[in-house]
Amino acid sequence: MDASSSTTSTLSGSMAVNSSFCSYRSPDRFSLSWCGGADAEREAMLMRAAFEGNLLLLKEMARGLDKGRGAAAVVAPLREEGAGALHLAAAEGKMDVCRYLVEELRLDVNVLNDLGETPLFHAVLYGRTDITRYLLDHGANPTIIGHRGSPLHIASVKGDCETVQLLLLRGTNVDIASVPGAPLHLAAAYGKDSTVKILLEHHANPSMVANADNTPLGMAIWAKSLECVKLLIKAGADVNFIFSSGATYVTMAAVYGLTDIMNCLLEAGANPNILDGALGTGTSSDDDDVADLLANRSLCWLHLEDGENALTDANASRVLRPCWPKACYWQGSALMLLKDYGRACQLFAEGLKMDPTDVEIQNALREALDLSKKACHSEQEQ
């Protein structure tokens, strides 16, 4: 297990993003069996007409099924894969059908599909801004939360700034919560910096914690979005948040090799020493885990150009994992910063004996040998 494996698995697991924001449509969706006779055929054709925006055919099929009940009573209960006629028309952007269903048949504009989602949610999901606005104008409730969140959640995932602003102006709570968290969590997780900016301008909480470990800043780092990180820090996000694993944002950036984000965090006051609490309280269950945390903190010290602390943590990591080539690499890197090129060469060479294929250590040894020769030459001249 390398320096990043245990921490990465913990962090990515704790910040897993709901990945179910996907299309519910398919070309073969209208496959109702004809075995029910003429009525079943008309029902299938009616739903297809709603999906395709064929208002004349929809009305014709509704009349054929009426039998004295009225068109609204015919259309309202029909479902195709859990979705009603208004869901289908909204998703496909069929304005004429939506108007007919809402204004003439007076169907419930907030009717739910099998996932607890409204036609408004599907209009937002498929980027139908005109339908979104129409439904809101006709009583759609933007705060209803279904299986995949609220309309604001999905607009934030998509980075649909126009719809995000519209939903906020129509009264949606900027911090409306669902299983993955608030809209800000999702915008950050997908690297939608323009949407993050809008949500923060509407006073979204930059430090809200969801599911114990999910924070907007953590998700922005997970998405490798420097812009989102900067926006969240500017808005006051806590840069010293500690995950349940004992890791921090700085650790996370180090694990992913995100130097720019790490420097941004450190400049904002993130404290590399905060890991002392994690290392001293038994949050890591074995020596390898502690060695990983020490190696990651050594990398943090290197970025702060603090060679002494970097070497201390690298040495401690090496004691716990003596046959780990990367521990040798961190030791050598700290010695390079301290300009002790001779000892750095020795440690890089030890690392290469453990793993002769490690290109990073090969390059480091080459650089150390070159600097060592130059230092010797300079001393001889003096």
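Keep in mind that glycine also has a Cβ here, set from the backbone N, Cα and C atoms.
Features reported for this protein in TrEMBL:
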- 81-103: repeat 'ANK' (REPEAT)
- 115-147: repeat 'ANK' (REPEAT)
- 147-179: repeat 'ANK' (REPEAT)
- 183-211: repeat 'ANK' (REPEAT)
- 212-244: repeat 'ANK' (REPEAT)
- 245-277: repeat 'ANK' (REPEAT)
- 325-358: repeat 'TPR' (REPEAT)
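According to DSSP, the secondary structure content of the repeat 'ANK' (212-244) in residues is 16 helix, 2 strand, 15 coil. Counting residues of the repeat 'TPR' (325-358) by DSSP class, helix then strand then coil, yields 27 helix, 0 strand, 7 coil.
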